[in-house]
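Report on the following structure.
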Amino acid sequence: MCGIWALFGSDDCLSTQCTSAMKIAHRGPDAFRFENVNSFTNCCFGFHRLAIVDRLYGMQPLRVKKFPFLWLCYNGEIYNHLRLKEKFEFEYQTKVDGEILLHLYERFGIEKMATLLDGVFAFILLDTANRKVCLGRDTLGVRPMFHMLTDDGFLAVCSEAKGLTEITHSMASPPEIIPFPPGHFEVFTLKTSGKVESVQLKRFHSCTDEPKHAVHDSVRGLISGFELETVKSNLRVLFENAVRKRLMAHRRIGCLLSGGLDSSLVAATLVKLGKEDELKYPVQTFAIGTEDSPDILAARKVAAHIGSEHHEVNFTPEEGIRAIQEVIYHLETYDITTVRASVGMYLVAKYIRAKTDSVVIFSGEGSDELTQGYIYFHKAPSPEAAAEESERLMRELYLFDALRADRTTAAHGLELRVPFLDHRFCAYYLSLPAELRTPKDGVEKHLLRESFKGLNLIPDEILWRRKEAFSDGVTSNKKSWFSYLQDHVETEVNDAQLESAAKVFPHCTPKTKEAYYYRQVFEKYYPGRAGWLSHYWMPRWIKATDPSARTLAIYNPDKGE
């Protein structure tokens, strides 16, 4: 995880503007660089580094002797960089995975470069020879990037929106700060004044399409056809491949472990492959919750089964409530379920940074969207409707779960890796017949569970553990995190305030006191920026004013686990 920031055509002194770059210092605690661009006195890069690969030569903007006209600032990991280097016989100057972008761009251009990258990334590429600025972001928006473009062509780019809110400009009203669209690249011409003009914005990949880099990825054991046993075998092969490629790191690797299906599969596969690769340390796993919470108890069983070095982070509801304001600051959103679910992840990440040496953290994000894991999928009117909903959720990950996962870990200088969002695994899963992917026998993610049945990778009771609302998983069965939050917001928001919500907050009007409270906090940090959230995350096919699964009539967690 790193923080990238750049200005092209600044209207103000760069020494003044660069203070905004410090707002994302948490993303890269190891080093910082601020660099002007030759011959363009109002253009510059800012970079906060979290050193994961090539700690000696990995500072950015990345430049190599062979291409002195190229400047690269990127945040991410390119898992197939060595394979592409060998395939096209590129001569590297560093050991940095991102160097592959420079070689691919110079030989093939921006579009082919983007399609060949297997990884998660957000990049700013400057080509002074051809006077171009190129931006790009990975398929699902796992790595964040925001940009701001004024009427007269001043472009500002940053990993997080907070690094752009105080940039000075010549416009009478604040220009829009928007997330760069996932799976797209954009090309700007760079004028002699340092200002830019957009000339091309194009999608280079969608999560439903087989990625073009797959032809250079020799995954063994894949079988054609949609017979159930074939599909199950292919899912196992692709999932293990997704975890294996993400072992690329020079820093210690750990894994979040809630004791649910997704994080347990990730952790178990990670430990298995770590032993095969002879990692020089045991994989650390991390669970958070109150002492008697279902997640803590389930994660303990999984950790014992897979043999990880397990850490339990106990927190009280009071600690969680105290963290809400700083969580919203880091998230840059007021979405109800995103804030609610971020608190635990933020606190466990804080523990990891303070108490351990694990920096690269695996997690199970993306599985619920991909494999139809949310409880409301039981109410889908048809397999086709469920498939369409799954694809919608995948396209919106960057607004919700991917955002949560990135910001809560980056806030503490950690790098998150999410195998379930692997390009090939996602494309294959979404290509399966719709009826194969639906909940079956009253159990969501039935196909995923069936695929790992009988392998003893994780305990059977975990393999078939039902989906729980986050608020039920991390706190006691006696009183949930959801209930504690409702008690708290009753003291913060009165009935009169909620009744006037539509006048005070006409965009995404809060319908509950909890939503109103989150919006108040958001407005304190980011006044007038409510448009960053287009809509609240809510379940489909049922009447709901709250996103929590525990408010749904069909919700029935396994209280005994």
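Don't overthink the numbers, they just go from 1 along the chain as shown.
Any Cβ shown, glycine's included, is placed from N, Cα and C.
Automatic, uncurated: that is what TrEMBL annotation is.
Around CYS2 (active site, for GATase activity), the C-beta neighbours below 8 angstroms that are at least 6 residues distant in the chain are ARG27, GLY28, PHE47, HIS48, ARG49, LEU50, GLN60, TYR74, ASN75, SER159. Marked as active site, for GATase activity by TrEMBL: CYS2.
The domain 'Glutamine amidotransferase type-2' annotation in TrEMBL covers 2-191.
ASP97 (L-glutamine binding site): 24 other CB atoms within 10 A of its CB, across all protein chains. Feature annotation from TrEMBL assigns L-glutamine binding site to ASP97.
In sequence order, SER263, THR285, PHE286, ALA287, MET345, VAL348, ILE361, PHE362, SER363, GLY364 are the residues of the chain that are 6 or more apart from LEU256 (ATP binding site) and have a CB within less than 8 Å of its CB. The feature ATP binding site is assigned by TrEMBL to LEU256, ILE288, SER363, GLY364.
Every protein chain shown contributes to the tally, and the Cβ of GLU365 (site 'Important for beta-aspartyl-AMP intermediate formation') ends up with 26 other Cβ atoms within 10 Å. Residues annotated as site 'Important for beta-aspartyl-AMP intermediate formation' in TrEMBL: GLU365.
Around the Cβ of ILE288 (ATP binding site), a 10 Å sphere holds 27 further Cβ atoms from the protein chains shown.
In sequence order, CYS255, LEU257, SER258, SER263, PHE286, MET345, VAL348, ILE361, PHE362, GLU365 are the residues of the same chain, not among LEU256, ILE288, SER363, GLY364, whose CB sits within 8 A of the CB centroid for the ATP site. Residue pair GLU365 (site 'Important for beta-aspartyl-AMP intermediate formation') / ASP97 (L-glutamine binding site) shows a Cα separation of 23 Å. ILE288 (ATP binding site) sits 33 Å from ASP97 (L-glutamine binding site), taking the CA atoms of both as reference points.
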